[in-house]
C-alpha cells in the first residue's frame, strides 16, 4: 500500500506544476470513486497526462487495470492538508536513493554527470599518445613513479606485506594514495589508473555533490546545478582531469564523503524534530533525538564520517588540515544544539563515534604499518577528546541556562589551551607539525602558491579565473546561510558555512586550496543559480527559500505542516519540469551563460596550460630512443630541464620521477650561462645525460645557453661557433633536446695560417642542419671536439667520425 504522505507530496507538486493539475486530480478522484478499478479509456485525459500520473506513482496498476495509489493522499495533495505517514522510518533500514527515480530527474542527473566527465576529458588528445599516457603537469609522474615501484615490489593485490613495509619514504606522505593507486593498478594496469582514475574519482565526487545538495536543500535542481558548477570550476578541472594522477583526487573524494556524512547526521535530527511537533524538547532524550539514535543509518553515517576523515588524513601530506573545519563545525554545532533545546551530548554521540572510527583507523595504520607521522594519529584522538569535553560543557551550560555566546567563547579558550598543551607535552610532534606547515604554506615560485585574491589579478579576477563567477553568486548565498544558521536550528547550513569559510581562508593563502573550496561552494552556487532563475519567474523557488519551507524550518511549533522526513537525511524536490516555450528556454540559457560563460572560457584555457606539447613529447621520445640505442641507463640518462616538466622527461626516459630537486637547483643557472660547454665536466660527474632547453618567459642574456641551444641548436648560428658536447636529438618551436656527449676530437695537421672551418651536415627529425666550427690552428696542428658522427669537411679534406668515437671521447687522427 502506498504511503499517503508520499502520495500527498507528489500530488501537491503535480497540482502546482501543471495548469490543469487541480482539475486532473479532481477528475481522477471522481473516476476512482466510481470504479474499484478502471482503464485508461475511463479517464478523460490525454496519454501524456496519464503517463505522468503513472510515472509519479499517483495511480497504480492492478490486474491489468488501474486505481489511485492513495485516495487519502490525493485529497491531501489537493487541499494542502497534512497527512500521517504510514511508514516507520525510525527503526528500519529504509534508505532512499539520492537520485529520484522519476525519469526527467534521472535524465537530468545523468546529463549533468556526463557533462562533468566531458569537462574532465578536455586534455584527452594530449594525454593519449601512440599508446603512451602523457599525463599533464609535473607531479602526476611522481605518483606514477611510486605506483610503478609498488608494482615492481609486490606479489599481487593481496600482498599486505607491501603496505606494512612500503618502499622508500612512501609511508611518510600520502600512503593511502600510493596504496590505492597500486591496488587498482594490479587489476587494470598502471596506464589505466594513470589516465582514468582522476575521471572516475571525479564522477563519484559528482554523485556525492549531488547527494549533499539534495540532503541539505531538498531540491534536486540544486543538486544538478551543483554538478554543473563543479564541472565548470577551472581550478578543479585542472587538478582532476584525465591523466592528472595526484593525491588530490583522493582528497576530494574523501572530503565529499565527510561532508555527506556530516550533512546526513545534521539534517536527520532537524527533520525528525519537525516530524514530531509534540516532542518535549526539554527532555534530555526527545523523541526526535531518540529516533535519530535508534535508526541504524545514523551509525552507518557515523562510520562513513570516520572513514572519510581518516582516509583524507592518510591520503595527503597536509592531512591534519582536514580536521580543522571538522572541529570548527563540531564546536559551533554543539553550541547550536544547546541553544535550540537539543541535548548536545546525545546529538554529538554519532559524531563522537565517527571520530573514534577515524582515530582507530589512523592509529592502526600508523602503529601497525608506520603510515604518516605520529601527530597524524594523535590529531583525531585530540578531536575526540575535545568533542567530548565541549559536549559535556554544553550540557552543563544548558542546565544552568547560560547564554550560548559564552559557550562559544569558552570553546575558543579551550582550543587555544589545548594547542598550547600539545606544544608543551609533544615538542617533537609540534616541530614536525610546524615543519609540515612551512612546507605547505611557505612554498615560493609556484603558480599554485599565489593567493586566490592576488593583487596581480586585481583581487577580483583571481576568483573568476579559478572558480568562475559562481564564486560571487555563492558568496551571496553564504551570507544567507550564515544568517540562517545564526537564527535557526540549521546545522546543515552551518556545516557548509564553516567549510566554505575555512577553504576560502586557505585559498587566500594559496590558490591550490581553491579546488577543495569548490566542493562545498558548488552547493551554494547551485542554490544561488536556481534562486536566480526563480527570481526572474523562470523556475520554481528553491525549497529552502519557499515561504512554507522556511516556516517549517523555524521550529517544532510549525512541524505540523512539515513534509515527511526520509531516513536518508531528507526527501528531495524531485521533479524536473521541462520548459515548454522557447522564450523560457532562451532566458534560462542567457542566465546560465551569464553565470557560467566565463568558466567555459577559463576551463579549457587553464586545462590546456597543463598539457605537454607535441614538441615536448617528441623530445622525450627522441631522448628515450637515443638512450636505448646506446644502452644508457639510469642515472647516466638523467634529463635536465625546467623543473615544471622535469618529472615528465625523466619518467618517460628512465622511469625515475621521485624528485626534481636537481633541475630546480641547477637549470636556471645553466640556462643563463654563456658557455654551455663549460658545464660538461659537472654534467659528467652528476650523470646528466640529456638537456632540454626551450622558450622561456624569464629574462636571459642575449648569448645565453638558452639562445645557443634552442635558437642556434648548438651549431653556432651565423656569427657564433658550434658547441662541443651537445648533440641535437629533436627540435620544435617550443623545445630542443640534446644528448650530452664527450665528443670526438679530430686531430690533423694544416698549412693554413688562419682559422679553419670544420663542417658537417646532419639530419635531425627529417630536416638538415649544418654544424660548423671555426678553429685556429696551433703550430700547424688542428684539434676540435665535435658531438656528431659522420663525415666532416676539414680544410678541404673529408674526415669520418664514428659513433663510438663521439660517445667514448676518442681522438680521430685525420693526418
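Positions of Cβ are set from backbone N, Cα and C atoms, glycine also.
Keep in mind that TrEMBL annotations are predicted by a computer and have not been checked by a curator.
The region 'Disordered' annotation in TrEMBL covers 547-577 (among others).
What TrEMBL lists as region 'Disordered' is 700-720 (among others).
Feature annotation from TrEMBL assigns transmembrane segment to 105-122 (among others). Outside the transmembrane segment (105-122) by six or more residues, the chain places 99, 198-199, 202-203, 206-207, 210, 220, 223-224, 227-228, 230-232, 237, 240-242, 574-576, 603-604, 607-608 with a CB less than 8 A from a CB of the stretch.
What TrEMBL records for 193-213 (among others) is transmembrane segment.
Sequence annotations record features per position, and here TrEMBL assigns transmembrane segment to 220-239 (among others). Beyond the transmembrane segment (220-239), the same-chain residues lying 6 or more positions past its ends with a Cβ under 8 Å from any Cβ of the stretch are 98-100, 105, 108-109, 112-113, 115-116, 118-120, 122, 205-206, 209-214, 246, 248-249, 252, 465-468, 470, 511-512, 514-515, 518-519, 522-523, 525-527, 529-530, 539, 542, 572-576, 596, 599-600, 602-603, 605-607, 609-610.
Residues or ranges marked as transmembrane segment in TrEMBL: 251-267 (among others).
Taken from TrEMBL, the feature transmembrane segment applies to 299-324 (among others).
Here TrEMBL flags 344-367 (among others) as transmembrane segment. Distant neighbours of the transmembrane segment (344-367): 175-176, 261-262, 265, 269, 284-285, 289, 292-293, 298-299, 301-307, 309-311, 313-314, 330, 333-334, 337-338, 374, 376-377, 379-381, 383-384, 387-388, 390-392, 394-395, 398; these residues of the same chain sit at least 6 beyond its ends, with a Cβ under 8 Å from one of its Cβ atoms.
What TrEMBL records for 374-394 (among others) is transmembrane segment. Long-range contacts of the transmembrane segment (374-394) within the same chain: residues 309-310, 313-314, 319-320, 323, 326-327, 330-331, 334-335, 337-338, 344-345, 348, 351-352, 355-356, 358-359, 362-363, 366-367, 407, 410-411, 414-415, 418, 422, 426, 429-430, 432-433, each at least 6 residues beyond the stretch ends and with a Cβ under 8 Å from a Cβ of the stretch.
Look at TrEMBL and you will find 467-486 (among others) tagged as transmembrane segment.
Only residues 6 or more beyond the boundaries of the transmembrane segment (492-511), in the same chain, are considered here, and those with a CB under 8 A from a CB of the stretch are 215-216, 235, 259, 262-263, 266-267, 270, 321, 324-325, 328-329, 332-333, 336, 440-441, 443, 447-454, 462, 466, 474, 478, 481-482, 484-485, 517, 520-521, 523-524. Here TrEMBL flags 492-511 (among others) as transmembrane segment.
According to TrEMBL, the transmembrane segment annotation covers 518-536 (among others).
For the transmembrane segment (585-607), the residues of the chain that approach it from at least six positions outside its boundaries are 119, 122-123, 136, 228-229, 232-235, 237-238, 241, 464-466, 468-470, 473, 529, 532-533, 536, 538-539, 579, judged by C-beta separation under 8 angstroms. Look at TrEMBL and you will find 585-607 (among others) tagged as transmembrane segment.
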Counting only CB pairs under 8 A, let me know which of 193-213, 251-267, 467-486, 518-536 has the most with the transmembrane segment (299-324).
251-267
What are the DSSP helix, strand and coil residue counts for the region 'Disordered' (700-720)?
7 helix, 0 strand, 14 coil
Grab the same-chain neighbours of the region 'Disordered' (700-720) for me: Cβ-Cβ under 8 Å, and only residues 6 or more beyond its ends, written as numbers and ranges.
670-674, 676, 691, 693-694, 726-728, 731, 735-736, 738, 769-773, 787
Any residues 6+ beyond the ends of the transmembrane segment (467-486) with a Cβ under 8 Å from its own?
229, 232-235, 332, 336, 452, 493-494, 496-497, 500-501, 514, 517-518, 521-522, 524-525, 527-529, 531-532, 594-599, 602
Outside the transmembrane segment (518-536), six or more residues from its ends: residues with CB under 8 Å to it:
205, 209, 212-213, 216-217, 219, 221-230, 233, 235-236, 252, 255-256, 259, 467, 470-471, 473-474, 476-478, 481, 496, 499-500, 503, 542, 544-545, 587-588, 591-592, 595
